[in-house]
Amino acid sequence: MKIFLPVLLAALLGVERASSLMCFSCLNQKSNLYCLKPTICSDQDNYCVTVSASAGIGNLVTFGHSLSKTCSPACPIPEGVNVGVASMGISCCQSFLCNFSAADGGLRASVTLLGAGLLLSLLPALLRFGP
């Protein structure tokens, strides 16, 4: 018994805690269904990152969608970018398989907003050729 306790204590102290993060990973997929492959991240990776990019006009026209998921040592700026008909969303998380869902990059310009912008851009021409 005197030998068992020190051996047990040494074994417990010598065991290193497994701290590797686990994330879903994929590259340039069209659907989240193809992005459910679990990956064990390296010890330097602290984040699961999801990048979603799309282009389209409201729900009327879709030009394309791309979804990528990976492990990363740092989180890129987690803000969405929307430039009219194209948008990109980035999301980061730090827990076990936390990047299950897609980032919010599916945002598209609204038809109303695009129509208003078009009318405002044509307003000078309409006023010039008016009655």
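Cβ coordinates are placed from backbone N, Cα and C, and glycine is handled just like the others.
As recorded in Swiss-Prot, the features of this protein are as follows:
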type	residues	note
SIGNAL	1-20	signal peptide
DOMAIN	21-101	domain 'UPAR/Ly6'
DISULFID	Cys23-Cys48	disulfide bond
DISULFID	Cys26-Cys35	disulfide bond
DISULFID	Cys41-Cys71	disulfide bond
DISULFID	Cys75-Cys92	disulfide bond
DISULFID	Cys93-Cys98	disulfide bond
CARBOHYD	Asn99	N-linked glycosylation site
LIPID	Ser101	GPI-anchor amidated serine
Among Cys35, Cys92, the one of these disulfide-bonded residues whose Cβ has the fewest neighbouring Cβ atoms within 10 Å: Cys92
Model confidence over the domain 'UPAR/Ly6' (21-101), averaged pLDDT: 85
Tally of DSSP helical, extended and coil residues in the domain 'UPAR/Ly6' (21-101): 3 helix, 46 strand, 32 coil
Distant-in-sequence Cβ neighbours of Cys75 (disulfide bond), under 8 Å, six or more positions away: Tyr47, Val49, Cys92
Whole-number Å value for how far Cys48 (disulfide bond) lies from Cys93 (disulfide bond) (Cα to Cα): 5
Disulfide-bonded residues near Cys98 (disulfide bond) (Cα-Cα within 10 Å), from Cys23, Cys26, Cys35, Cys41, Cys48, Cys71: Cys23, Cys48
Nonlocal residues around the residue listed as 'N-linked glycosylation site', in sequence order (Cβ under 8 Å, 6 or more apart): Cys23, Phe24, Cys48, Val49, Thr50, Lys69, Ser91, Cys93
Cα proximity to Cys41 (disulfide bond), best match among recorded positions Cys26, Cys35, Ser101: Cys26
Close disulfide-bonded residues near the residue listed as 'GPI-anchor amidated serine', where close means Cα within 10 Å, chosen from Cys26, Cys35, Cys71: Cys35
Sparsest-packed of the listed disulfide-bonded residues (Cys71, Cys93) - C-beta count within 10 angstroms: Cys93
Residues satisfying Cβ distance under 8 Å from Cys26 (disulfide bond), sequence separation of at least 6: Tyr34, Cys35, Leu36, Lys37, Leu67, Ser68, Lys69
